[in-house]
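Take a look at the structure below.
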């Protein structure tokens with residue numbers, strides 16, 4: 001394959017954009033808990049507020065509609081990737097409360113806009129019968145790049161003792177270079193269907209909206225507090241966290257394509273029920289955990305079952321009017337992040353008094369998902 005043919009198709013663009021994200025975001029996410037504890041001296045309340053700030057751009061993802069009045073979806077995706085890289089690059093230079101809040105916001109704007117745009121373009125460009133497998137491959141690709149990134153991070157920090165600043169600069173810089181390369185290399189593909197450019201909520205999408213809201217609420221507790229539990233309660237080092245993330249990433253890389261095939265064979269409803277029931281059990285056990293081994297096992301299992309979450313996207317693709325996809329992707333991201341903005345800060349305060357209560361709260365949201373999914377489909 002020559003360079004010109006590599007930059008020829010929509011699928012290749014989606015693959016490359018998907019591959020670029022983990023280089024910056026995996027670095028930011030993998031090092032965050034250790035960086036804020038060891039360098040910035042954060043406690044549970046401060047990390048909760050930081051994570052709430054991180055989710056504000058997700059809450060405002062519906063504003064992508066206004067961005068698309070000025071820029072085409074592809075161009076907006078390139079700009080978003082640049083912001084993701086820039087925010088990551090700057091993180092190590094500002095190990096203060098305000099500094100981390102600002103760099104997190106920059107990174108998050110890029111990340112959430114790009115996720116919204118990538119989801120929108122995937123559902124528009126990939127056929128319904130191929131979408132689950134394609135999204136499974138995208139997830140596997142991201143996992144592979146994340147795995148490679150984690151391995152490089154481990155070597156850099158464990159063997160060569162390279163500091164946080166250099167690591168953040170390298171990963172953020174590479175991501176920005178990839179954004180420029182995709183912008184220059186790919187043609188601007190014509191939209192098959194002109195997308196709506198006005199905000200709306202449609203009654204026929206109500207179940208998708210509700211499940212998206214509940215998924216956002218429960219997922220935040222994993223993102224914010226599961227890793228923080230390992231560092232704070234079980235004293236995981238940055239090297240141990242990287243090794244755990246490597247294991248998770250390998251499993252996701254292997255299992256994500258099979259998750260796509262499972263969805264194609266059994267359908268979205270049954271697949272989502274399997275995910276929700278599994279997560280209820282996992283987070284009840286999280287609330288009772290007393291050993292490091294059990295905490296690590298639950299962390300891995302949760303990540304494994306989360307590969308099925310792509311079923312919610314393909315469910316929407318099947319029920320959606322094609323011209324609604326871009327706007328509804330932005331609205332869905334906003335709905336997903338409503339609870340994400342206030343939950344980390346609120347539960348960060350709860351964390352101070354009861355770690356178990358945080359995880360029991362999350363399992364209750366999974367119960368809601370199961371109930372709604374069973375009795376409305």
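Placement of Cβ uses the backbone N, Cα and C atoms for every residue, glycine included.
Your range for transmembrane segment, going by TrEMBL and the list 33-51, 242-260, is 242-260. In this chain, the transmembrane segment (134-155) lies close to the transmembrane segment (296-316): three or more C-beta pairs between them fall below 8 angstroms, excluding pairs fewer than 6 positions apart. Counted over residue pairs separated by six or more positions, the transmembrane segment (242-260) shares fewer than 3 Cβ pairs under 8 angstroms with the transmembrane segment (83-114), which leaves the two as not touching. In summary, the transmembrane segment (83-114) lies against the transmembrane segment (12-32): three or more C-beta pairs, each 6 or more positions apart in sequence, are under 8 Å. The recorded stretches the transmembrane segment (162-186) and the transmembrane segment (336-361) do not share 3+ CB pairs below 8 A when only pairs 6 or more apart in sequence are counted, and are therefore not in contact. If you count C-beta pairs under 8 angstroms between the transmembrane segment (52-71) and each of 12-32, 296-316, 336-361, the highest count goes to 336-361.
Packing against the transmembrane segment (336-361) from elsewhere in the chain are residues 44-52, 55-56, 58-59, 61, 112, 212-213, 215-217, 219-221, 224-225, 228-229, 233, 283-284, 286-288: each is 6 or more residues past its ends and has a CB under 8 Å from a CB in it.
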